[in-house]
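*Asks:* Here it is: the structure, laid out below.
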Amino acid sequence: MEVVILPDGDAVADHAARLVAELVRSRPDAVLGVATGSSPVGIYRRLAAAVDAGELSFARAAAFALDEYAGLPPEDPHSYAAYIAGHVTGPLGLDPARVHVPDGNAADLAAAGAAYEAAIAGAGGVDLQILGIGANGHIGFNEPSSSFASRTRVKALTRQTREDNARFFGSLADVPTHCLTQGLGTIMDARRIVLVAQGSHKAAAVAGAAEGPVTAMCPASVLQFHPDAVLVVDEAAAAQLTLTDYYRTAYEADHAKRGTHGFPPQ
Ligand code: F6R
């Protein structure tokens, strides 16, 4: 696992956007895994600006969202389908026919989960998965105690996650209790993982993911088994890491000195 510690959220978004842009330039038909929530917003903004400037094209790319609330139709402004349409599909110029979000409004959610797995496999798998991380260490909506072998399925949301996400809804009571989420096994199949975290409220989760024991109590710790996972975090989110000197030295050697950091790529 590579851990990149950068001064602030802007630098985190710059670095992560660069990793996505480099992939799409080398492989225009790349399959992206896209997270929702606050953490990746800066990435999408930078990529959209590069598209607007004619420096990058996602016209041939495909995207799969991580998760969707159960019971919300895509027209609901709180749905992740609406988020992906507003932050990803439109701004990046993706073909809507190649953008997929789990059908959290399906009558048969188990069948919808199986169909989502089949669609990812049919697209050839995910080349690069963008992830955020919950304060409790969840990735996707794989809450603590999730199976490392899990596939796309219905999960109950923890109270903490519902409270954390109440800011997007009118009140806690309006936050759905369940979701349809890619499993940890699904996420681990992505060929590359780029997880971004900003802020002190993510510090414990980031430390657990990168340095803690691999445990279902911190689902993101499964990424320690991934052969190509990068954690891009700001100073506040890095505050509980212990090997910070090592990560900084490795980053300087691998990126900063060669100029392979920041956005846009040269
Ligand atoms: C989003 C997702 C979640 C979020 C996590 C962090 O699709 O699956 O794992 O990445 O809850 O959310 P934010 O970025 O809003 O802090």
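Residue positions begin at 1 at the first shown residue.
Using the three backbone atoms N, Cα and C, a Cβ is placed for every residue, glycine included.
Caution: TrEMBL annotation is automatic and unverified by curators.
Okay, these came from TrEMBL:
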| type | residues | note |
| --- | --- | --- |
| ACT_SITE | D67 | active site, proton acceptor |
| ACT_SITE | N136 | active site, for ring-opening step |
| ACT_SITE | H138 | active site, proton acceptor |
| ACT_SITE | E143 | active site, for ring-opening step |
| DOMAIN | 11-224 | domain 'Glucosamine/galactosamine-6-phosphate isomerase' |
*Asks:* Would you mind giving the whole-number mean pLDDT across the domain 'Glucosamine/galactosamine-6-phosphate isomerase' (11-224)?
*Replies:* 97
*Asks:* Among the active-site residues D67, N136, H138, E143, which residue has its Cβ surrounded by the fewest other Cβ atoms within 10 Å?
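*Replies:* Among the active-site residues D67, N136, H138, E143, the lowest count of other Cβ atoms within 10 Å belongs to N136.
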*Asks:* Could you give the Cα-Cα distance between H138 (active site, proton acceptor) and D67 (active site, proton acceptor), in whole Å?
*Replies:* 12
*Asks:* By the DSSP assignment reduced to helix, strand and coil, which category contains E143 (active site, for ring-opening step)?
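*Replies:* Going by the DSSP assignment, E143 (active site, for ring-opening step) belongs to neither helix nor strand, so it counts as coil.
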*Asks:* Cα of E143 (active site, for ring-opening step) to Cα of N136 (active site, for ring-opening step): how many Å, rounded?
*Replies:* 8
*Asks:* Determine, to the nearest whole angstrom, how far the Cα atom of N136 (active site, for ring-opening step) is from the Cα atom of D67 (active site, proton acceptor).
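*Replies:* Computed Cα spacing between N136 (active site, for ring-opening step) and D67 (active site, proton acceptor) is 17 Å.
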